[in-house]
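Undergrad: For reference, Swiss-Prot lists these features for the protein:
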TOPO_DOM  1-63  topological domain 'Lumenal'
TRANSMEM  64-84  transmembrane segment
TOPO_DOM  85-91  topological domain 'Cytoplasmic'
TRANSMEM  92-112  transmembrane segment
TOPO_DOM  113-173  topological domain 'Lumenal'
TRANSMEM  174-194  transmembrane segment
TOPO_DOM  195-205  topological domain 'Cytoplasmic'
TRANSMEM  206-226  transmembrane segment
TOPO_DOM  227-261  topological domain 'Lumenal'
TRANSMEM  262-282  transmembrane segment
TRANSMEM  285-305  transmembrane segment
TOPO_DOM  306-354  topological domain 'Lumenal'
TRANSMEM  355-375  transmembrane segment
TRANSMEM  378-398  transmembrane segment
TOPO_DOM  399-423  topological domain 'Lumenal'
TRANSMEM  424-444  transmembrane segment
TOPO_DOM  445-470  topological domain 'Cytoplasmic'
TRANSMEM  471-491  transmembrane segment
TOPO_DOM  492-527  topological domain 'Lumenal'
TRANSMEM  528-548  transmembrane segment
TOPO_DOM  549-889  topological domain 'Cytoplasmic'
REGION    606-627  region 'Disordered'
Amino acid sequence: MTFTINNTNSTVFDSTNNENMTISEPVQPVSKGPKGITFSGETFIVPETHDMVKTLFDPTVKKSNFELIILSCLFSNLLVFLIPNNQIRIYIFIALYIFWRLSYNFGIGWLLQNQSNHNLLVSWSQKYHLFDPENKGALAQSIQNEIKSQRGENYDIKSMPVEFNTWLIFRKFVDLILMSDFITFCCVVYCSAIKDDYQFINNQSFWLVYSRIVLGSGLILFNLWVKVNAHNTIKDYAWYWGDFFFRQINNEELIFDGVFEMVPHPMYSVGYVGYYGFALIAKSYVVLAIAIFGHFLQMIFLHYIENPHIDKIYGPSKNEINLIKILKLKDLKNFDNLKPLVGLTNFNWMRASDIVNLVLSLTYGIIIPLFANSIKSLFILTVGMKLFESISINLSLTLQSYFKIVTKWSLSNDIPVEKSFSNWAVLYNSLINLTYSSLFGMNLGYFLQKSGSGSSSGGLLFSDWFYLRVFLGLLLIYTQFWINFSIIDSIGYFGWFYGDFFIPKSQSSIKNITTAGVYRYLNNPEQIFGVCGVMGIFLIYPTVENFVCVGLWVVNNFIRINFIEKSHMVKLYGEQEVNRDSGVTKTVKKHLLPEVIQRRMSNDEAYTRVNGTTHERRRRRSSNLHGNSVADSLDNFIRDLRNSSTKLSQQKLIELSQNLSFANSDYKLTIDGLKMQSTESDELKYTTIGTPVTVSWTSPTENHSVRDWIGLYKIVQTSYSRNKTILSSAGRWTWCKEPKGSFIFDKEKLFWEEGVYEFRYHLDGKHDVAYISEPFEIKSIELKVPEFKEDAIKFAENLKLEIFDKVIKLTDINEAISPIANQSDNVIEVYKLISSMISKSTKINITYKIFLNQGDDDLLSIKDVAIKLINIKHVLEELSYNITDKKDV
């Protein structure tokens with residue numbers, strides 16, 4: 001329930017489906033109300049609906065048949081309290097809660113997923129005519145009676161779309177599960193609290209009991225505010241997953257308002273803090289455990305059910321997706337086109353700096369603690385390493401910001417600024433790794449020495465609530481990891497490594513700071529959450545040493561963000577751009593501050609904007625990111641045989657393809673335009689990758705069916721089946737509507753890889769084989785890379801003719817590649833295909849990333865590619881031990 005719709009009379013159209021949607025007149029004339037549209041294009045006025053609390057518990061609202069059943073189910077939980085043994089009651093309510101929670105996440109989840117992908121619920125309604133007044137079946141009548149009991153006797157079921165009526169019934173199913181889930185959880189809380197003579201108020205000091213109750217109640221009230229605010233924002237339509245069934249018109253994108261502007265997915269994140277408030281009040285690890293269990297299942301539900309549907313309905317278009325892919329890959333151009341090491345993530349064994357980082361991390365995190373004599377020495381090492389990292393990084397960033405010392409040194413030594421930035425990223429990450437490895441090593445040493453002495457709690461500032469401390473500590477550590485990855489996802493590796501300090505702004509495609517991702521909610525998410533993992537370690541091991549480390553991490557983080565990064569970002573983007581309110585700030589001002597204070601703050605902000613002295617805020621600039629199968633092995637084996645001294649004859653390949661079995665058949669397939677390897681008759685015919693293949697067919701007129709069809713296959717995948725094709729053609733097929741005809745296989749109808757292939761004629765829309773063509777080979781064209789750049793134009797023309805023209809259409813060798821390639825459904829796959837064809841044709845291996853690291857003004861042309869290949873050849877020849885022995889890279 002995270003669809004953030006602006007109001008009930010608006011929603012979002014899927015840009016991929018709009019062109020196929022036709023809008024008809026409303027089926028029910030209603031004077032007022034939001035307008036809805038089904039996925040088939042039928043429009044209607046959406047009647048008013050009420051939330052589940054009002055419909056179930058408001059005595060002034062008439063109850064429908066299903067609602068009475070739901071209330072009966074809810075009150076039936078009271079029967080469990082007739083059992084005198086409280087422990088048995090706890091077990092029963094836990095079992096009931098697990099049942100309803102699984103029904104929610106996997107029952108409702110399954111229905112919604114299939115409704116989203118296959119329109120399942122609506123199809124059921126149509127299949128069984130559930131809303132047809134003429135259907136007198138028991139199920140249909142009960143469903144229709146339920147609809148009328150909800151909407152009133154005057155409600156015309158047939159005049160409303162089946163999608164809306166199906167949604168009304170689905171809502172009751174949701175009400176039953178959600179309310180039962182919550183009620184059984186509350187029963188677990190109550191039974192756990194009164195266990196052992198009301199243990200939740202016993203065996204603790206007076207102030208601690210009241211602190212728990214007050215804090216827990218605060219969490220519950222905050223949870224209630226989140227739910228109410230969310231419902232007021234998204235209304236019943238999104239609360240009950242309405243856009244799985246139909247859409248509401250006039251809302252073009254997701255709206256971030258209210259609590260949805262405060263945190264991502266509030267219904268699933270902060271929308272469950274009340275569960276932990278109940279656990280705190282009940283003073284029960286059992287309640288805490290089932291709260292974690294329920295919350296975890298909700299996050300799975302969000303990830304696998306809601307997010308895919310949100311992306312499908314509200315997500316970016318194909319062009320936007322292609323752009324995002326390209327920009328994320330462009331972010332790597334400063335790091336040699338490889339994801340840089342962040343911590344130990346993106347580790348690459350072929351990168352020396354990664355191996356050094358791993359060795360140092362293991363040394364400081366494990367080896368040194370194993371041989372250390374005292375915790376004091378480990379503490380000194382950790383503090384020293386943190387001070388060294390803080391001073392060196394902060395000083396380097398300050399000098400670079402004000403004096404550009406790194407850039408000046410790099411340019412004076414003819415080192416590209418991108419390379420100097422890459423070196424800085426390695427240094428920065430290495431120092432960060434050393435500080436966290438030292439911190440981990442200090443705590444490992446503490447654990448080993450205390451375990452060896454037989455005392456596990458000695459030296460701790462407090463030792464109570466161990467399991468709670470571990471849970472909260474691990475939660476804080478996880479939060480830091482999540483925040484860090486969210487930051488990288490929003491601003492890229494460029495922003496993570498302070499790219500604004502090293503790369504000129506004029507060389508970037510983005511001129512403004514990002515307000516996407518986690519930065520939508522917080523201006524500086526790393527201000528606190530960037531070091532909350534250290535706080536988590538302190539909670540788990542609350543020692544003086546860890547407390548000092550927390551102070552060091554927090555102070556350094558505060559100084560770096562507020563006194564170094566902030567001033568640099570203001571210089572780049574200006575104070576007004578940097579100091580805009582975050583989502584959390586806006587929400588607090590709008591919902592939690594009195595109106596008088598809001599007006600006063602608005603006046604102050606207007607004054608400070610005029611005078612250019614807004615409060616401090618900073619954000620890094622975004623870099624505009626928001627085993628081969630057995631058959632393939634056989635194919636490679638055939639190719640290897642062909643290239644070996646023992647040639648595989650055409651006759652043997654024909655036998656392998658079983659073409660001879662159809663020599664006397666009345667059906668015929670002939671392939672036009674194939675070339676001969678040589679004048680020898682036993683050589684296999686071939687064509688080149690991407691070249692269209694024309695196949696002609698002849699079939700007996702009396703036996704011909706318009707559903708006869710031809711498919712293209714690898715012979716190594718079909719050689720075991722002569723009379724029936726079991727393998728899918730994967731779209732490489734065409735109908736044979738006439739007894740005689742021809743068809744050109746090109747583009748997606750072709751295989752774009754080397755191998756030996758055949759065409760198969762199938763009968764009457766089935767997979768029965770009537771004829772198998774002669775085998776033919778698809779292989780790469782051979783292109784020789786010239787020695788000199790003077791020949792680049794002629795070489796580029798060959799590349800255009802033999803490779804590029806088969807994939808994308810360019811007018812000449814000087815036309816930019818990217819604008820044409822970006823028009824495809826998957827630009828990355830296009831680049832991969834072109835780079836693969838070039839590699840096989842020229843025997844110089846390149847990757848698709850060559851098209852992402854483009855030339856001047858980001859307009860890489862075929863001529864530029866030709867020059868790059870010539871340069872690569874020169875480098876390879878110079879590195880070869882024998883200049884006559886050309887290397888295949």
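Cβ atoms are placed via backbone N, Cα and C, with glycine included.
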Undergrad: Contact between the transmembrane segment (528-548) and the transmembrane segment (285-305) is defined here as three or more C-beta pairs under 8 Å separated by at least 6 residues; is that satisfied?
TA: no
Undergrad: Cβ under 8 Å to the transmembrane segment (528-548), counting only same-chain residues 6 or more beyond its ends: which ones?
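TA: Same-chain contacts beyond the ends: 375, 379, 382-383, 439, 442-443, 446-447, 459-462, 469-470, 472-477, 479-481, 483-484, 522, 554, 557.
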Undergrad: Per DSSP, what is the residue count of the topological domain 'Cytoplasmic' (195-205) in each of helix, strand and coil?
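TA: Per DSSP, the residues of the topological domain 'Cytoplasmic' (195-205) fall into 7 helix, 0 strand, 4 coil.
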Undergrad: Using a Cβ-Cβ cut-off of under 8 Å, list the residues of the same chain that are 6+ residues beyond the ends of the transmembrane segment (206-226) and lie near it.
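TA: For the transmembrane segment (206-226), the sequence-distant neighbours (Cβ-Cβ under 8 Å, at least 6 residues beyond its ends) are 200, 259, 266-267, 270-281, 283.
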Undergrad: Answer yes if the transmembrane segment (92-112) and the transmembrane segment (64-84) have at least three CB pairs under 8 Å among residue pairs 6 or more apart in sequence, and no otherwise.
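TA: Since 3 or more Cβ pairs under 8 Å link them, the transmembrane segment (92-112) and the transmembrane segment (64-84) do come into contact.
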Undergrad: Can you tell me which parts of the same chain pack against the topological domain 'Lumenal' (399-423), counting only residues 6+ beyond its ends and a CB-CB cutoff under 8 A?
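TA: Apart from its flanks, the topological domain 'Lumenal' (399-423) reaches 333-336, 340, 497, 499, 501-504, 564, 567-568, 571.
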Undergrad: In the topological domain 'Lumenal' (399-423), how many residues does DSSP assign to helix, to strand and to coil?
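TA: Output for the topological domain 'Lumenal' (399-423) reads 20 helix, 0 strand, 5 coil.
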Undergrad: Near the topological domain 'Cytoplasmic' (195-205), which residues from the same chain, at least 6 beyond its ends, have a CB less than 8 A from one of its CBs?
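TA: Residues 86-87, 90, 212, 281-284.
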Undergrad: Can you name the far-off residues of the same chain, 6+ from the ends of the topological domain 'Cytoplasmic' (85-91), with a Cβ under 8 Å from a Cβ of it?
TA: 187-188, 191-192, 194-195, 286
